[in-house]
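Undergrad: Below are the features I grabbed from Swiss-Prot:
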type    : residues                               : note
DOMAIN  : 18-198                                 : domain 'Guanylate kinase-like'
BINDING : A25, P26, S27, G28, S29, G30, K31, S32 : ATP binding site
Amino acid sequence: MSTFSVFNFQFSIKQMTGKLIIFSAPSGSGKSTIINYLLTQNLNLAFSISATSRPPRGTEKHGVEYFFLTPEEFRCRIENNEFLEYEEVYKDRYYGTLKEQVEKQLEKGQNVVFDLDVVGGCNIKKYYGERALSIFVQPPSIEELRCRLTGRGTDEPEVIECRIAKAEYEMTFAPQFDRVIVNDDLEAAKAETLEVIKEFLNKE
């Protein structure tokens, strides 16, 4: 994560009126279903729009699904410390969160929702501190996760095992998050997450 002066950091925080809600989870945890439910609950939530260096697909539009940058533009913005977090998933294929875009949403009073990998989630929580709530969604067990991924019927066995290995790594980050939601019952997990977020948003 980039280093900013204390003055700039405090000034930036002072200008913000919205809050941040960060979600991370292993694939197959039910995170996306929970997030989509929360977006219907009149909490003034707005999804963070990521930047990427991949080309648009189909009807995707710049500034709607993603901010589309060339690899050169992305690297230039990295050098200028414009990202809260970013990842190069493979050569010249970047994804990241632009600080300027998040601050625009916060200044509008929106509560910004992030769906990030564990490292990106921890970085944003560290940057924004108490203004951010970090939530880790996890399955009740690795065996249950394996059953869910197998039940999808979309991945080959070797792909599933790679996802399981990644999940085991990601779950080691759970203690770094403010709250851990164990999704062994989807409706209960949705209700628990909603209450956690309401409590957070109502805090001064």
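Any Cβ shown, glycine's included, is placed from N, Cα and C.
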Undergrad: What kind of secondary structure is P26 (ATP binding site) part of, going by DSSP in three states?
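TA: Where P26 (ATP binding site) sits, the three-state DSSP reduction gives coil.
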Undergrad: For S27 (ATP binding site), just count the other CB atoms lying within 10 A of its CB, please.
TA: 18
Undergrad: List, in sequence order, the residues of the same chain other than A25, P26, S27, G28, S29, G30, K31, S32 whose Cβ lies within 8 Å of the centroid of the Cβ atoms of the recorded ATP site.
TA: V137, P139, N183
Undergrad: What number of additional C-beta atoms lies within 10 angstroms of the C-beta atom of K31 (ATP binding site)?
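TA: Result for K31 (ATP binding site): 22 neighbouring Cβ atoms inside 10 Å.
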Undergrad: Measure from the Cβ of P26 (ATP binding site) and count the other Cβ atoms within 10 Å, all protein chains considered.
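TA: Total other Cβ atoms inside 10 Å, all chains included: 24.
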Undergrad: Do any residues at least six apart in sequence from G30 (ATP binding site), in the same chain, have a Cβ closer than 8 Å to its Cβ, and if so which, in order?
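TA: Set apart from G30 (ATP binding site) by at least 6 residues yet with Cβ under 8 Å, we have V137, P139, N183, L186, A189.
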Undergrad: What residues, ordered by sequence, lie under 8 A Cβ-to-Cβ from S29 (ATP binding site) and sit at least six positions away in the same chain?
TA: V137, Q138, P139, L145, N183
Undergrad: Within 10 angstroms of the C-beta of G28 (ATP binding site), what count of other C-beta atoms is obtained when all protein chains are considered?
TA: 22
Undergrad: Check each residue in the chain of S32 (ATP binding site) that is at least six apart in sequence and keep those whose C-beta is under 8 Å from its C-beta; list them in sequence order.
TA: D115
